[in-house]
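Visitor: Sequence annotations record features per position, and here TrEMBL assigns transmembrane segment to 20-43, 63-85, 92-110, 116-139, 151-169, 175-192, 271-290, 310-329, 336-359, 371-398, 405-425, 431-457. Here TrEMBL flags 21-463 as domain 'Major facilitator superfamily (MFS) profile'.
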Amino acid sequence: MLISIFKSGIFQWQYRRQLLVSLSATLITFCHGIALGWLSPMLPKLLSPQETPLSFYIDVNEASWLGAVISIGGISGNFSFSYLMNRFGRKVSIYALAVPHTCIWFLFYFAQSIEWLYVARVCAGLTGGGMFVVLPIFIGEIADNSIRGRLCSFFTLTMNTGIMVGFVVSSHIAYHVIPCAVVGLPVLYVFLATRYPEPPQQLIRWKREEEAEKSLRYYRRCDGPNVSKEEERAYQKQLDEMRLAIQQQNKDSDDNGLSISDFLTKRSLKALATGLVLMVANIFTGTFAFNNYMSNIFDAVHTQLDPNTNTIIIGAVQILGTLASIYLVDRYGRKILLIVSCAGSGIGTSAFGLYAFYAEEEKVDLSAFSAWLPVTLMAFIIFIANVGVISVTMVVLVEILPQKIRAVATSFCLGCLSFFAFASLKTFPLMMFHLGLAATMWFCGAVSVICLFYVVVCLEETKGRSMYD
């Protein structure tokens, strides 16, 4: 599969700059992934008076807040970066993502109390909330229609790679060494961001036509001395379509502005409903909470392997799931991946809940299975979720929303995503403590089934859809 990915269209000569720019822009998602992965192996240490690497330790309630406050920053990041992006453009927003992320590592390093860690997690939320608004739109604007799904999936791939790195370093490297090793990455990210231009769509909106032409030539590799007539015609056609679409958008805005009625059309309401269901699927099928509390989950089912080792294995499986999504998303479409993903997540979480039920009751001897079955079930859940629910959600969200309301509606949906994430991260450890892991897993399975029904019945395929519809 990996060889097929490298032979696919995104590595062809004419798409190479789009790929390299997408990878440069998603370096911040890799950094963010490290910050997310840091928590899971570190949390049991912070809960232990003997093992804590700091001058203090925390209790279960503080641990639930430490997990959840990232979503408070996420909500702020969604709306503040949406305003920043629409007011000052994509590039300024891309630069700005590095600021709160850099603060994370300084706060971790100098932490004197739990409040320092809370602020660091809020900064992580600001970065994450801004990323989910800025990067899918930026990549969607610079990418050719035929490879947009795969390039947008790199967003998830780099974040999952960062999460696995976070799992590894948090498990095996001293607490105060980690910030020193990671803090240089956002500096590299900002440097790389200076090497590529603003998307042409934004420059056309600013009426900077000459720069827009240069930008489109850059991203379509039509700026060299040996451009063929066919490539020139394709470039000119795409530029004309882009101008007409943005002129029509500006005309509609001048005539009517953006009003509440634009959100109440049949198409807009259905798109918003779909967006909200996808946000629910992304969070409440459980994968986001699992990533944050993975070591605690494996500890609860008494696995024979070290919980942190299991966590690292799951991090690697996440990457494989995202690679599968990159390979499949533009070949078979978005809808089939979401169907398979929701169905698989429902089956996997229900099965893990059944195992957890017997493991927590301790009435059945599970020693023959405890070394391999929990990690196998969790690996299946994480893999199948990353094939669809995690990787494809943001691609579909950007493609399904009407252009006129896309920026505001995307911010609204992502604000809901951050709220859902807060609710999930705050309640998950409390549900584990009061209801047990089995009931918590079965709840995630029920959500998966509900989302599966909606995707099968209501979701339209968006593969190949123009960004200007």
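Glycine residues also receive a Cβ, built from the backbone N, Cα and C atoms like all the rest.
Context for these features, please: burial, neighbours, distances.
Guide: Sequence-distant contacts of the transmembrane segment (92-110), counting only residues of its own chain at least 6 positions beyond either end whose CB sits under 8 Å from a CB of the stretch, comprise 25, 28, 31-32, 35, 38, 73, 77, 81, 84-85, 116-117, 119-120, 123-124, 126-127, 130-131, 133-135, 138, 175-176, 178-180, 182-183, 186-187, 189-190, 193.
Listed by sequence, the residues of this chain that lie at least six past the ends of the transmembrane segment (116-139) yet keep a Cβ under 8 A from its Cβ atoms are 22, 25-26, 28-29, 31-32, 35-36, 39, 65-67, 69-78, 80-82, 84-85, 90, 93-94, 96-97, 100-101, 103-104, 107-108, 110, 148, 151-152, 154-155, 199, 394-395, 397-398, 406-407, 410-411, 414, 417-418.
Beyond the ends of the transmembrane segment (271-290), by six or more residues, the same chain brings 67, 263, 297, 314, 338, 342, 345-346, 349, 378, 381-382, 385-386, 389-390, 393, 396-397, 400-402, 409-410, 412-414, 416-417, 420-421, 424-425, 428, 441, 443-444, 447-448, 451, 454-455, 458-459 to within a C-beta distance below 8 angstroms of the stretch.
Long-range Cβ contacts of the transmembrane segment (336-359) within its own chain (Cβ-Cβ under 8 Å, at least 6 residues beyond either end) map to 278, 281, 285-287, 300-302, 325, 328-329, 366, 369-370, 373-374, 377-378, 380-381, 384-385, 387-392, 396, 436-442, 444-446, 448-449, 451-452, 455-456, 459.
Panel annotation: around the transmembrane segment (371-398), residues 132, 136-137, 140, 148-149, 152-153, 155-157, 160, 274-275, 278-279, 281-282, 285-287, 290, 294, 297-298, 301, 303-305, 310, 313-314, 317-318, 320-322, 324-326, 328-329, 334, 337-342, 344-345, 348-349, 351-352, 355, 359, 406, 410, 413, 451, 459, 462, 467 of the same chain, lying at least six beyond its termini, place a Cβ under 8 Å from a Cβ of the stretch.
Outside the transmembrane segment (405-425) by six or more residues, the chain places 64, 67-72, 74-75, 77-79, 82, 85-86, 125, 129, 132-133, 136-137, 258, 262-263, 268, 271-272, 275-276, 278-280, 282-284, 286, 288-289, 292, 397-398 with a CB less than 8 A from a CB of the stretch.
For the transmembrane segment (431-457), the residues of the chain that approach it from at least six positions outside its boundaries are 60, 274, 277, 280-281, 284-286, 293, 296-297, 300-301, 335, 338-339, 342-343, 345-347, 349-350, 352-354, 356-357, 360, 389, judged by C-beta separation under 8 angstroms.
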Visitor: Look over the recorded stretches 20-43, 63-85, 151-169, 310-329 and say which has the most C-beta pairs under 8 A to the transmembrane segment (175-192).
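Guide: So the stretch in question is 20-43.
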Visitor: Counting only residues 6 or more past its boundaries, what in the same chain has a CB within less than 8 Å of a CB in the transmembrane segment (310-329)?
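Guide: Sequence-distant neighbours of the transmembrane segment (310-329): 1-2, 4-5, 8, 37, 40-41, 149-150, 153-154, 156-157, 160-161, 163-168, 171, 290-291, 294-295, 298, 303, 337, 374-375, 378-379, 382-388, 390-392, 395, 463.
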